[in-house]
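I have placed the structure first, in the form of structure tokens, so that the comments after it can refer back to it.
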Amino acid sequence: MKLYIVRHGQTWFNVIGRIQGWCDSPLTEKGREQAKKLRLFFDTVSLSAGYYSGSERAGDTLELILHDRNIPIHKDKRFKEVFFGDYEAEYTKTIFPDGVVNPEVFYEHGGENRHDAAQRFLSACKEISKKETGDVLIVSHGSIIRQFLEENSEAFRQLAATKNLTKALVPNCSVSIVEIENENIDVIQLPTVYH
């Protein structure tokens, strides 16, 4: 089974540089267009279901990609973004004035442990692989996708060592592809932009 893992489209907080984990902001017009353009890629992909984190930005992205396809859509909170604690909705430049993001700072200020977040994401993927019969689209978030890929792909870990910013590693509306069989994970495509 293949899991097509997509980061949501560009949001208002992405544009103005605010940290957005469990807090939410709407898609921008550009974010909506990114999702509509990604629809062309998914028009050629047979899907048995769509999943999203429950956030407005992920749900709107999923709806725009699937458009009028008649497949089941499920909300699963395990696909939520990493919780950034006290820094939710803060400006990134305020917390990291030098531009170098240290994710451990979030945990030190009431945020979620990144490994724990990746494990909840992985548990949802494994559960889906047991109950769905075909390939699945999952719309989630940049930091959680990044952490999941870092823990499951040596190629992604090497790439992450050269780039600090999640938006450079997991761009808005990028597609990562994971094969999962008997609970074994194989990342077969790193985040790729098709729009």
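Each Cβ is built from the backbone N, Cα and C atoms, and glycine gets one as well.
Just so you know, TrEMBL annotations are computer predictions that nobody has curated.
Of the residues R39, R57, TrEMBL puts just one in the substrate site with R7, H8, G9, Q10, T11, W12, F13, N14: R57.
Calculated from their C-alpha atoms, the gap between R7 (substrate binding site) and E81 (active site, proton donor/acceptor) amounts to 10 Å.
For E81 (active site, proton donor/acceptor), the count of additional Cβ atoms within 10 Å of its Cβ stands at 26 [all protein chains shown]. Its Cβ taken as reference, R7 (substrate binding site) is surrounded by 30 other Cβ atoms within 10 Å in the chains shown.
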